[in-house]
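In what follows, a single structure is set out as structure tokens and then discussed.
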Amino acid sequence: MEQTVLVPPGPDSFNFFTRESLAAIERRIAEEKAKNPKPDKKDDDENGPKPNSDLEAGKNLPFIYGDIPPEMVSEPLEDLDPYYINKKTFIVLNKGKAIFRFSATSALYILTPFNPLRKIAIKILVHSLFSMLIMCTILTNCVFMTMSNPPDWTKNVEYTFTGIYTFESLIKIIARGFCLEDFTFLRDPWNWLDFTVITFAYVTEFVDLGNVSALRTFRVLRALKTISVIPGLKTIVGALIQSVKKLSDVMILTVFCLSVFALIGLQLFMGNLRNKCVQWPPTNASLEEHSIEKNVTTDYNGTLVNETVFEFDWKSYIQDSRYHYFLEGVLDALLCGNSSDAGQCPEGYMCVKAGRNPNYGYTSFDTFSWAFLSLFRLMTQDFWENLYQLTLRAAGKTYMIFFVLVIFLGSFYLINLILAVVAMAYEEQNQATLEEAEQKEAEFQQMLEQLKKQQEAAQQAAAATASEHSREPSAAGRLSDSSSEASKLSSKSAKERRNRRKKRKQKEQSGGEEKDDDEFHKSESEDSIRRKGFRFSIEGNRLTYEKRYSSPHQSLLSIRGSLFSPRRNSRTSLFSFRGRAKDVGSENDFADDEHSTFEDNESRRDSLFVPRRHGERRNSNLSQTSRSSRMLAGLPANGKMHSTVDCNGVVSLVGGPSVPTSPVGQLLPEVIIDKPATDDNGTTTETEMRKRRSSSFHVSMDFLEDPSQRQRAMSIASILTNTVEELEESRQKCPPCWYKFSNIFLIWDCSPYWLKVKHIVNLVVMDPFVDLAITICIVLNTLFMAMEHYPMTEHFNHVLTVGNLVFTGIFTAEMFLKIIAMDPYYYFQEGWNIFDGFIVTLSLVELGLANVEGLSVLRSFRLLRVFKLAKSWPTLNMLIKIIGNSVGALGNLTLVLAIIVFIFAVVGMQLFGKSYKDCVCKIATDCKLPRWHMNDFFHSFLIVFRVLCGEWIETMWDCMEVAGQAMCLTVFMMVMVIRNLVVLNLFLALLLSSFSADNLAATDDDNEMNNLQIAVDRMHKGVAYVKRKIYEFIQQSFVRKQKILDEIKPLDDLNNRKDNCTSNHTTEIGKDLDCLKDVNGTTSGIGTGSSVEKYIIDESDYMSFINNPSLTVTVPIAVGESDFENLNTEDFSSESDLEESKEKLNESSSSSEGSTVDIGAPAEEQPVMEPEETLEPEACFTEGCVQRFKCCQISVEEGRGKQWWNLRRTCFRIVEHNWFETFIVFMILLSSGALAFEDIYIDQRKTIKTMLEYADKVFTYIFILEMLLKWVAYGYQTYFTNAWCWLDFLIVDVSLVSLTANALGYSELGAIKSLRTLRALRPLRALSRFEGMRVVVNALLGAIPSIMNVLLVCLIFWLIFSIMGVNLFAGKFYHCVNTTTGDTFEITEVNNHSDCLKLIERNETARWKNVKVNFDNVGFGYLSLLQVATFKGWMDIMYAAVDSRNVELQPKYEESLYMYLYFVIFIIFGSFFTLNLFIGVIIDNFNQQKKKFGGQDIFMTEEQKKYYNAMKKLGSKKPQKPIPRPGNKFQGMVFDFVTRQVFDISIMILICLNMVTMMVETDDQSDYVTSILSRINLVFIVLFTGECVLKLISLRHYYFTIGWNIFDFVVVILSIVGMFLAELIEKYFVSPTLFRVIRLARIGRILRLIKGAKGIRTLLFALMMSLPALFNIGLLLFLVMFIYAIFGMSNFAYVKREVGIDDMFNFETFGNSMICLFQITTSAGWDGLLAPILNSKPPDCDPNKVNPGSSVKGDCGNPSVGIFFFVSYIIISFLVVVNMYIAVILENFSVATEESAEPLSEDDFEMFYEVWEKFDPDATQFMEFEKLSQFAAALEPPLNLPQPNKLQLIAMDLPMVSGDRIHCLDILFAFTKRVLGESGEMDALRIQMEERFMASNPSKVSYQPITTTLKRKQEEVSAVIIQRAYRRHLLKRTVKQASFTYNKNKLKGGANLLVKEDMIIDRINENSITEKTDLTMSTAACPPSYDRVTKPIVEKHEQEGKDEKAKGK
């Protein structure tokens, strides 16, 4: 991080912005221009300074700057951000310290920054009241907009609003300027909105533009202005827009997939949905009506006669809807189909294509656009069961396959991909926030350093007084300003956080403490407590600490000293430090913090806190041996120091027993001091010092090393404390007089007698048992409330009323006693108490108002008592916290959502309200407004809310019918898209932020052991004690031998202790049981000799601790290591056994220092493995059995025993044989298959029935035989300890029982019949036999505990809504119906129950009946809520609720309209939150399990992973032999043409065009269009045939070696055949056009060529990766469906056909059952299937109805079985399957994105080999060195090396074989290494990869490299140098000789010649120097040598190489 320029913080940094400042800025700008006339913009953006993110406009001023001097508020100041130092800007700060940045240029060219008008405008603009005014205006405006027909006077109000907005804009424009400079009005996009709104307001006023209501909708945008006014919302909207960008790839993929599916749908179902059942033959009346008169001239024997003939008009007849067959109460005619498995018409009707499509004609596949809409609806799963049923009815049941594909691939996959992308985006955003926080922390530390330097002197001056202050509470506030300044800064934000928390938790939660009187008088005010201690709190960013730094190994062990502590429960804990002379390598200064080393987590650096970790124990209630221990100098002398860590991870060291152990403060475990084991001079090494520096703010040795340092530490601490107090006093929420008042009136401690009373009451009320009793009362009270039902007897009602009174009394008493015990002031300091008080008050108010009508709602508040359970139930607590957190965290998002809902509701009302009123007859037969309309704001809001719930299609049909298609589609689609983004974002954010692994795992150790656990613990101890006493008594009376007793005693002690500690996961330190470790990590022996004293800190230790820092500390070991809980103490037969097991314990203890569980032993966490396959059977019986019954012990050495043993071994071999297993699996499948035949028609098929009966017997015998064999082979012990065997055993038992019953003739008994249905479980046996399914099941079983926990919490949560529903609606859903028409009577005819009874007496057609799913009791309430939560069947429940009036009264249309809100609230909290919570839990769980069984990559660095993955891909590929180019010239030309990329791409374009022509087809196109399309199709067929022929010519027989080519060939052949035989094929097979659709798959090939499609490739890659896992889940789902289908057939085959059950969708046959179950897998339409099953008695059904062809009578259902069947199926399929689906996809998506982010991907290697093929046509795997340069240039990035690349290639040092050839892998390795960078760890991986390559390519020529490119170059260079040196030598010689002779001859010219000689030699030297540089360059570029691929032992091969060379020559 580059050093940020730090402005001196504090008030000195503010300067007024004056004319001089402006001049200075201008001067700087001029200087910069002079220096740098042409600024390079791009460069500046990349590397230049960036604006400081903390000083952005709109943010608050960082607190480091201190307070703004009052005279500077709202005045122009110089810019603080160094970035703007040479830009013309200034800032203004308002009272709230918000930063406003303005341009310093003249606004509107006339107003300079110093103009008084502009100054006033700025003051107004920055004032908080201004934004408040605007906010209020907007809200009022919104209220006016919701009026559907506003009165006339509102017109004037409109003008007022417009005026205010105009005023606002003018102020902004005057203050900021209009648009030219930065920070002017129009530079802010939010102001565009204002501008548009105002412009429109004036335009519509003065210009008449026609449709006013459409324009009025523009005013709605004003609501969006709220976003620009509230600061937090802008960022949220920004984030949403970002996530939309991220989603672009998924959107494209989704649209593409939908188009493909829509095309398939278009081809398959075009026109099918118009098939109707038309009456045929027509009746006489209809014949006459549809006859046309025709004048025909006929020739009678030559005479022409004119006749009128009546001809039947077929077309008009079939279009007449009167002759269509309608089911009663349905708007559309019944569909039918002409294939055998489609819907059939009743007698007297025939199936004809006529009339319009269903649902006003909007549901169809007739054109591409409607098909697309249908598919989109399928994907969003809205009312898709309707589409599914219509299509299957019209086309046939086989087409279920189409829906399965679309639902699984389209719906689940794509929608979850959107989820995955949003989750990733969110995760990245979080990461960014974290990094930013870390950076802030670092910057903050820098600033602190600066402050420290400035204030060092002041601090030293204050040191003397400071040490007094820490002892004298009254001396607060005498410090010098500067030092208080420092600490103010350093602790302010932490204080802010603490103050925020203080609202809730100010005092200690005194529950469960038995205190001595002197220990803590409540009367001491908090200030005095605070002054007794000192706290360090340094700014830490909340986010950083609370998030993900947990490791599974980090549970600290707390030691409970019950045996020797005077006060067991006082919790103390201690910091202690260890001198590091001996073990420098240790990880950091806290011995117990091994796994979260501060050095790793940047964010934690320099802040003194101990991180809270997952699984940490917070209660170390170690005994306190002495109260008056001596402390560090300057610490309070009243006792030990506590260190508490608050929820932000800030450590506070707090003095003495007067500490409030608040539930938030987390106590650190006791850390124990050993006498120093190091040399006493306390030397520290240099690395140690460095470590200290890096974590300077831990309480580390620095503080304790020498006295002066220590003194300073203390003084700093006290300075901090005092300032903290001042700060708190200055920040107290109320004026001081209130505090005085509360001290006098709210703290009651006037008389000592009262104090005694108080003390006694305190002892009673705070006792854990009282808490337990209260909890039991809460549960009972909840039960009482849940027992209300309708109709209730008087007596029962009375019991409930009395019960309520009693409970109210109990809770009131509890409250008053607590107030007495704690004083009102402290009582109301705690959240739970306030909550209790609120509820109690409400209950009392309710009792007072019991008889007032209409206040029954108050009763619902009693339900809140259920939440008191959260106090002692961690998961519920967590859920409430999560909901609380997320409501907080998502406050802004929720607000955005609310604004959006509001806007759309108003838009809908303005646009469509009028249409709904005018065209209502189109959608309602009685011309009354339907329930869902947009005529007023409330209904409009409900429609938008319903769309947000995902139910948009039905309301959209209505809207399209009344208001036109285009507008409705636009509005609804917008709501849908925004819904998906925002709602998904919302809930994902919620889940991800609230669900870090710690949340779930840390549930069991919340804050401290809660009172319930303490109470239960005591009960356990009591029971154990009583047991022991009885046992001892028995021993003494009956057993004389004292010896036995002696042995038993220690065991019981141990047992007893074990009970004590295991409940709390802690190991006890007993007199003879110290399971603690000393420094070396060994466990001390557990003899009686070792004493505990060693571990308890002696008083004198404190001093030695200070004077000699080289102390060692022993830390409690972690839970994982204490195997004491796991020792089976019952098995100890004697002392020696005990010793042995303790030794075992020692061995198994961890050897890691300071300890957490050893990483090396993952055995504890691995799944239970199947027993290994030994060839010897195991023992038959357990050892217990053998000891009891001696007869079970047989010697296997001789006689019968030996025969028995041999028999067992034979059986064992049989059972273990593969064939046996295969045979059994085959039998299981057959017997399961047999069950599918037992349907409604079995009685008519006698032969099949007989066969099945015999088969059943055979199967049963086989399975019994298998079971017996396994018993003999494995023995009972092994067989019955395996869960899968138990499953087999139980299923065999069921068959056996029913077989026996049949033989005895009891087959008709009810019990036996119901047993027979259990045969449906047979397929479960297949589970253990199929690996894939078993994996899924195991994963699920792992998730069950947490799923159950959440399920329970959800049930509690729903219970509240259910009881509330019972209170609101019980008995009010009854209504009087006309049984003939099914209509409800109007209120005018029937007002109440008695009226209805009178009607019934008069005629039989009326009936007083209830809605089937209602709120008459809590059970039905749950069912209703489930229907509401799944949005299936919720309409009827809601309508009934909204119409209800009172018990026994006839309902009236929308009487209690606002009951809708009950459902809205439930959907938000009950449905969205809880269901998403499930998804969260499941995903979280899978992640945890993955971590648990995590693969090898946990132990790899990121770099290694990248390299490893690259290599992994490498190893699997090998160069393919390309198709040889044909020798023939013509063929060769064609070959070149066909293999070019352009050819491929043009074919792709043709495919796409072909698709477009297919899209154009419609069902009712004219013959002309049909003929044109068929011609176009002909052209395409010709073109594709041409492609096929060309490829065949050029590729010859190689054409058929490529899969795609075969596919193309088949499609072409089919198309040609299809042209001629179209009629025939369509009649018998699928339309041939379908094959063309499959061609679209070829587009997948083109994706590789497009650079931009990387994202889409990643998504498809993720799909490919998820397929195996998804297949397993699918298999499991099929199994579940199969079992449920069988079960459904045996139970519901004969129910009455109504609502969702009809002739096609029923449980009569296996196929139909599967069709129904597939539909409810997505919970679609389950209410319809359940409704008929709820009929249990006449008149709803007829129990005596005869079913033809079967002996079963009646068509009644079994409600309890039905409800269980559907609810369990929905839970299993929804939770399990759908969520596992999500987990798998999220997982693979993240893997895929990681892969795509890697520097080298699969595609790069493919590209390498594709290019390779061109250079190595014969696939020799070698390439000549000359070609290498071209090859490297031909590759694409990142592997390519652009030319000139000779030197780089030489530098790569590639091994060459004879003929200067290089192997492809060597090249690829070298290039890969170049991309990934060098790393020393790669060699091992590399060898691995080479081995893998050798294995996969046995063809690899084993070759012997002779040399390498570098060596070759070096050889060449050496040769050249030698040559040149020799030549030079020769030249010199000749020159010398010549000159010598010459000299002889001509001495005169000698000098001249010498000069020449020198010149020549220089010239030569120059040449050789260039050669040298060449050489140095090539070696310089050379990274460490690249070894060969098959790297043999180098020396050996070099020798061999030389020999070969010699041979070669």
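For all residues, glycine too, the Cβ spot is worked out from N, Cα and C.
Disulfide annotation in Swiss-Prot: Cys345 is bonded to Cys277, selected among Cys257, Cys277.
Between Asn892, Asn1392, Asn1788, Swiss-Prot assigns N-linked glycosylation site to Asn1392; no such entry appears for the others, which is not proof they lack it. Swiss-Prot records a disulfide bond between Cys959 and Cys968, which is the match among Cys949, Cys968. Listed in Swiss-Prot as the disulfide partner of Cys921, from the options Cys927, Cys949, is Cys927. Note on Ser523, Ser528, Ser1148: Swiss-Prot annotates phosphoserine at Ser523; no matching annotation appears for the rest, which is not proof of its absence.
Look at the topological domains in Swiss-Prot: Ser339 and Ala1938 end up on opposite sides of the membrane. Here the Cβ of Asn284 (N-linked glycosylation site) has 8 other Cβ atoms within 10 Å, regardless of which shown protein chain they belong to. Outside the transmembrane segment (855-874), and at least 6 residues removed from its termini, the chain residues within Cβ reach (under 8 Å) are 771, 774-775, 778-779, 781-782, 785, 804, 811, 832, 835-836, 838-839, 842-843, 845-846, 849, 880, 1003-1004, 1006, 1010-1013, 1353, 1356, 1359-1360, 1363-1364, 1367-1368. For Asn1403 (N-linked glycosylation site), no same-chain residue that is 6 or more apart in sequence has a Cβ closer than 8 Å to its Cβ. Asn295 (N-linked glycosylation site) has Asn306 as its nearest neighbour among the glycosylation sites Asn284, Asn306, Asn1378, going by CA to CA distance. Within its own chain, the transmembrane segment (798-820) has Cβ neighbours under 8 Å at 748, 757-758, 761, 764-765, 770, 774, 777, 780-781, 784-785, 787-788, 792, 827, 833, 836-837, 839-840, 843-844, 847, 862, 865, counting only residues six or more beyond its boundaries.
Under DSSP, the residues of the region 'S1-S2 loop of repeat IV' (1561-1571) split into helix, strand and coil as follows: 5 helix, 0 strand, 6 coil. For Asn306 (N-linked glycosylation site) paired with Asn1392 (N-linked glycosylation site), the C-alpha to C-alpha distance reads 70 Å. Most Cβ pairs within less than 8 Å of the transmembrane segment (1219-1237), among stretches 153-177, 398-423, 892-912, 1251-1276, 1346-1369, belong to 1251-1276. Listed in sequence order, the glycosylation sites from Asn301, Asn338, Asn1378 having a Cα within 10 Å of the Cα of Asn284 (N-linked glycosylation site) amount to none.
Taking every listed stretch (153-177, 398-423, 892-912, 1251-1276, 1458-1483) in turn, the largest tally of C-beta pairs under 8 A with the transmembrane segment (1346-1369) is reached by 1458-1483.
Spatially, by CA atoms, the glycosylation sites Asn301, Asn338, Asn1392 include one closest to Asn1378 (N-linked glycosylation site), and that is Asn1392. Asn295 (N-linked glycosylation site) has a Cβ environment of 8 other Cβ atoms inside 10 Å. Asn338 (N-linked glycosylation site) carries neither a helix nor a strand DSSP state and counts as coil. Sequence-distant neighbours of Asn338 (N-linked glycosylation site): residues of the same chain at least 6 apart with a C-beta under 8 Å from its C-beta are Asn275, Cys351. For Asn1378 (N-linked glycosylation site), the count of additional Cβ atoms within 10 Å of its Cβ stands at 16 [all protein chains shown].
If you count neighbouring Cβ atoms within 10 Å for each of the glycosylation sites Asn301, Asn306, Asn1392, the highest count belongs to Asn1392. Straight-line distance linking the Cα atoms of Asn1392 (N-linked glycosylation site) and Asn301 (N-linked glycosylation site), rounded to a whole number, equals 80 Å.
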